[in-house]
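Enquirer: One structure follows; several queries about it will come next.
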Amino acid sequence: MTAHIAPATVPPSAPAAAGQDPAALLAHARREVLEAGRGLDEAGVLAVLRLPDEYLGDALALAHEVRMRWCGPEVEVEGIISLKTGGCPEDCHFCSQSGKFDSPVRSAWLDVPSLVEAARQTAATGATEFCIVAAVRGPDARLMSQVREGVAAIRAAVDINVACSLGMLTQDQVDELTAIGVHRYNHNLETSRSHFPKVVTTHSWEERWETCEMVRAAGMELCCGAILGVGESLEQRAELAAQLAVLEPDEVPLNFLNPRPGTPFGDYPPVQPRDALRAIAAFRLALPRTILRYSGGREITLGDLEAQGMLGGINAVIVGNYLTTLGRPAESDLKMLADLSMPIKSLQATL
């Protein structure tokens, strides 16, 4: 299958030209995004990423208005579980699950009863989505067999949507996952096309894009997002937002680098909180109708400022722990949503 690749850059439009007055930029974004429902182009996103601190509150407020108008008030809650941890043959430089780095993560498999119990616990939080993740380049026959068995067992026992994240897929694998009832498939672009070779060398950005296109064509929902703080420039963050806008995923998870010991990016600094909030606002203004999910690294990046992201465009969260790092307790996130008077999306609303 030939991948339809997004352009590396999008020509800037006049209203978002470099050096534009911040107030004029936000007025333009209000007209284009809030009122007309058209996401900002690459130049507009870059301008938001460059906003001075004194305009950050206005950008977050506008992004929240956009989220409320085009997505509604509800927040989607998801839990994730690692079916196969560690020993991955790929060299994603931020990931402690790569077998190429001297990280403390060791290879392990989870059995099907444990998957079902994790799905039950996730559903008990009010979550509507449960994602089965495997640290692989792509699924082999053994993994596909485990996934078939696990998805069937979860669907028989728990009232929750099942998603998967199993790496790059063949068309036959896409068709099989669709047939067994996988609701959504996660496959992140991670970073922009121009920066990707500095983050991963064992496969290409284009290979990831092709899997995403196959998933969309098969009728599964597509979850495709980013990890910020992996050495990319602001221009490359804007490039990624524009590429995601071309792909039109149903969901974009925003991860922030949580530096892992033993990985090439293990000594990178976390994204600064204000830069993270600018990115949240910018991605919402680029993707007005998309589920924008708080994902890994938000705790170390934002700390006590997480609620500002929820009031700046975020409308979904992963609760509990991540794959190899600790998250906040589910109760803490649910309390945050309650304190912000943000209702949790019901299962029926996701179908």
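Positions of Cβ are set from backbone N, Cα and C atoms, glycine also.
Pulled these features from Swiss-Prot for this protein:
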- 73-298: domain 'Radical SAM core' (DOMAIN)
- CYS88, CYS92, CYS95: [4Fe-4S] cluster binding site (BINDING)
- CYS131, CYS164, CYS223, ARG293: [2Fe-2S] cluster binding site (BINDING)
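A description of the local structural setting of each listed feature is requested, covering burial, neighbours and distances.
Expert: All protein chains considered, the CB of CYS88 ([4Fe-4S] cluster binding site) has 23 other CB atoms within 10 Å. Reduced to three states, the DSSP call for CYS88 ([4Fe-4S] cluster binding site) is strand.
Under a cutoff of 8 A between CB atoms, and with a sequence separation of 6+ in the same chain, the neighbours of CYS223 ([2Fe-2S] cluster binding site) are CYS131, ALA163, SER165, ARG184, TYR185, ASN186, HIS187, PRO249, ASP250, GLU251, VAL252, PRO253, ARG293.
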Enquirer: Please classify the secondary structure at CYS164 ([2Fe-2S] cluster binding site) using three-state DSSP.
Expert: strand
Enquirer: Sequence gap of 6 or more, C-beta under 8 Å: which same-chain residues meet both conditions with respect to CYS164 ([2Fe-2S] cluster binding site)?
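Expert: Residues satisfying the criterion: CYS131, ILE132, VAL133, VAL147, VAL151, LEU177, VAL182, ARG184, TYR185, ASN186.
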